[in-house]
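Written below as structure tokens is the structure these notes are about.
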Amino acid sequence: MDRFVFLTLDGLSRGAVYAAFALALVLIWRAARVVNFAQGAMAVAAAYVAYSVASATGSYWLGFVVALATGLLLGAIVDRAVMRYVDHTSPLNPVIVALGLVLLIQAVLGMIYGSEFRPAEAPFSRGAFTVGGLAVLSPYDLFVFGAVAVVVCALAWIFARTAVGLRMRAAAFAPEVSRLLGVNVGGMLTLGWALASGVGALAAMLVIPTELGLHPHAMDLVFVSAFTAAVVGGLDSPPGAVVGGLVVGLLLSYVSGYAGSDLTPLAVLVLLLAVLLVRPGGLFAPVAARRV
Amino acid sequence: MSERGDLLVVRDLVAGYGAAPVLHAVDLTVPAGTIAAVVGANGAGKTTLLRTISGVLRPQAGRIELAGEDLRGVPVERLVHRGMAHVPEGRGVIGELSVDENLRLGGLWRRDRADAARALDEVYQLFEPLARRRRHLGHQLSGGERQMLALGRALVGRPRLLLLDEPSLGLAPRVVARTMALLRQLRDGTGLTVLLVEQNVRSALSVADQGVVMSLGRVVTTAPATALRDDVDLRHAYLGF
Amino acid sequence: MSATSAATPPRERTTGVAGGPGGPRRRGSTLLRHLAVVAVAGLLLVGVSYAVEPFRNFQLATVAAYLCATAGLTVLTGLNGQLSLGHGALMATGAYTVALCQNAFYDRGVTGGLLLLVSLAAAVVATVAVGAVVGVAAARLRGPYLAGVTLAVAVVVPALTVTFDGVFNGEQGLSVPVEPPPLALGVYFPYERWQLWIAGAATLLALLLLANLVRSRYGRTFRAVRDDEVAARLAGIHVARTQVLAFVVSAATAGLGGALLAVLAQSVSPGAFGLTLSLFLLMAVVIGGLGRLTGAVWGAVMLVALPDLSHSVTEQLTLPAAAAQRLEGNLPLAIFGITLVVVMLAAPGGVQGLLSRFGRALLARWRVGRS
């Protein structure tokens, strides 16, 4: 029972990160109908920048802020400099271009930093509190929950309550009508990319200290898990992405705790296939809400 | 009407999709505070004309002037700032957004927030059913309610010129009649200028001051709507009634 | 000439018409033409294998192994419109099967020249089985979903070698014992030449089969499904079955390619079959020109030539050893990445598309000049 509680809490903490990363995927999917396969590489790049800043200044938090800023900027650049010029008539094209970016970003990171694992610093202790002899969350887990909760709430507020959020949603659902109503659709798209990439950078900053460390490929498996989370929730649904992230986090934690951590990649693949074959729209697919 | 009183002037407009133009040298003038109806058979180029005027489609040649200002090179999203509102074919209600969000979207571009809020209130007064369904999503509305929402959303921007593409499409005759009456009311009350494109010639000419008959991408005749209604030959040749 | 055209079966003629503007003028059996091309290519390869040094032989053999995989992926992505990021994993399946088979034979003391054929066949069969499973899933998925699933396959499968390290020996991988060239070829026959012969023969056979498939009724259904699924369904094509078939065919060739790579390197390890390999393969078919088998050749050549080139470039620069190593390891990736993006933005037809455009322009000029 103790173990179950521990694994559940640990899974939720991991899941929170997957939720953030999945949310980033869903943001771009909704805005541009593109699954950003380069998001993992972009997020790692932001984390490397944070690493450089933190080692130069000795301040984790300065690096943290710079990582988020780098994420935002990188998203905007990828949209403005590359994705805008992709022929979207075939859905293959943006995917292939994103994969080209993956190769490029990972290569550049490899050239600058090399491909050995670099230890990533955690700003809080990762040792768990014990309550009545039961190991529960660590301070770092609480930080992860807090950071993800802040981001999720901030995004929900932006999209539901602000004028720019309304513009972004309108631009995503009906670009041509939105332009007729004075919405700068291209600008909204760039903003969407920037926000998503910023959230991705945050997720990378949160997850990398809990894994092997910084590496150009550090987010590959995280990407697959987060993609699975997004698919579990339905690619179109931001709340679905959050729930999907927690589901995937719990599953991986149980599999690794009860069956061995080597099996987690296989578990992700099986879950992904199962969801896609049984409920391709995701577990929380909304009733057909298409514009007429 | 004098040249100064013309709100919209279109000269020698050539436009279309790809190499073959749909519009061949179209001329059109809409005086301020009047309603002009463009009528003609399917494929005459009516929708293309509206889309070119509102900038969705780039003209290959010709001029479009709004209140004496050339619109060349003005991006679509800036045209609302010049006082133009376009209700597109199929009305363009965004189904995923609520009624209130759809309406607010129509005034988001305006700097004068207070007046945008006032305009929103006025639209809710004008269209009672919308006020009752504020929180409903666009795709939950009936055809008539969508029509109100699309018109209302355009009016929130307090346009000088309203472009309407097939407002009668798919609506019951009673609803069409109400829409046309509303357009007349807006023209008389606020001085709104309307350019509407219609297949439903009878109801379009019933409300319009001026009728423009198009055929195969050209303007065949421009005349007062009453004269068109009475011109039996023309009706037979181009309008099919 | 007239006799040949009379002998042409009607089915072949319609194939020619469907093949494009050049089609109706084409005479003779497609199979014969392909056989002739393959025979010429085989002879050329044998000639080249004697003309160049052993290292080049080895490189050419590697090109041949990659070509198997890129040609299969071209059929899948270019002709059938299914994107697979998991072909590196399929190559791994073939490679590990060959390794396991060869080791099993050697452990039991079974030797003989034909054993390699058995192992290669087993590799193809195993990959077909895996490909069928993934293909059935893939046939129900579209666009980004398919890409995501195959990406997961590409990331997860290499990790399985660590999960089941009792069989696959984890990160270390397995060695692949391969017999030396037969003594009949002479005692001093270079091993690399023998490798080129094996890889070349297997690849030419695979290409022959693929080329005929592409030209056949099945090839047309592949393209029909790619261009418009609904129309294909209305025309009586079983879309899902066609997609699974395309996936299985391309898996078989990928498995063969992976098996050949393992035979060439005489070892397999998960590091060689990671996500990067899958992306390289995709890049190769895109740059070569999606949908053209000749484009697959360009892609495969580039896969071998670019790392070689970046090695020479790095040697020219005077850099500290660590930096040089980092640069050399990553320069090909960077070039591949940039090329992939630029090709997609600027020349979606790829190298082969550019070449044929260039060729047509030259031909037109030449004709104008003569008249």
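Positions of Cβ are set from backbone N, Cα and C atoms, glycine also.
Automatic, uncurated: that is what TrEMBL annotation is.
So that you can see what the record holds, here are the features copied from TrEMBL:
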- A:12-29: transmembrane segment (TRANSMEM)
- A:36-54: transmembrane segment (TRANSMEM)
- A:60-83: transmembrane segment (TRANSMEM)
- A:95-114: transmembrane segment (TRANSMEM)
- A:142-160: transmembrane segment (TRANSMEM)
- A:181-208: transmembrane segment (TRANSMEM)
- A:214-235: transmembrane segment (TRANSMEM)
- A:242-260: transmembrane segment (TRANSMEM)
- A:266-289: transmembrane segment (TRANSMEM)
Task: Intrachain residues whose Cβ lies under 8 Å of the transmembrane segment (A:181-208), provided they are six or more past its termini - done: 14, 16-18, 20-21, 23-25, 27-28, 30-32, 36, 39-40, 42-44, 46-47, 50, 64, 67-76, 78-80, 83-84, 120, 143-144, 147-148, 151, 155, 158, 164, 167-168, 170-172, 175, 214, 218-219, 222, 226
TODO: Among A:60-83, A:95-114, A:142-160, point out the range having the most Cβ pairs under 8 angstroms from the transmembrane segment (A:12-29).
DONE: A:142-160
Task: Positions whose Cβ lies under 8 angstroms from the transmembrane segment (A:242-260), at least six residues beyond its ends - done: 3, 6-8, 10-23, 152, 225-226, 228-234, 267-268, 271, 282-284
- [ ] Mark yes when the transmembrane segment (A:60-83) and the transmembrane segment (A:214-235) have three or more Cβ pairs under 8 Å (sequence separation 6 or more) and no when they do not.
- [x] no
Task: Long-range neighbours of the transmembrane segment (A:60-83), counting only residues six or more past its ends (CB under 8 A) - done: 32, 34, 38, 42-43, 45-47, 49-54, 94, 97, 101, 121, 123, 189-202, 204-205
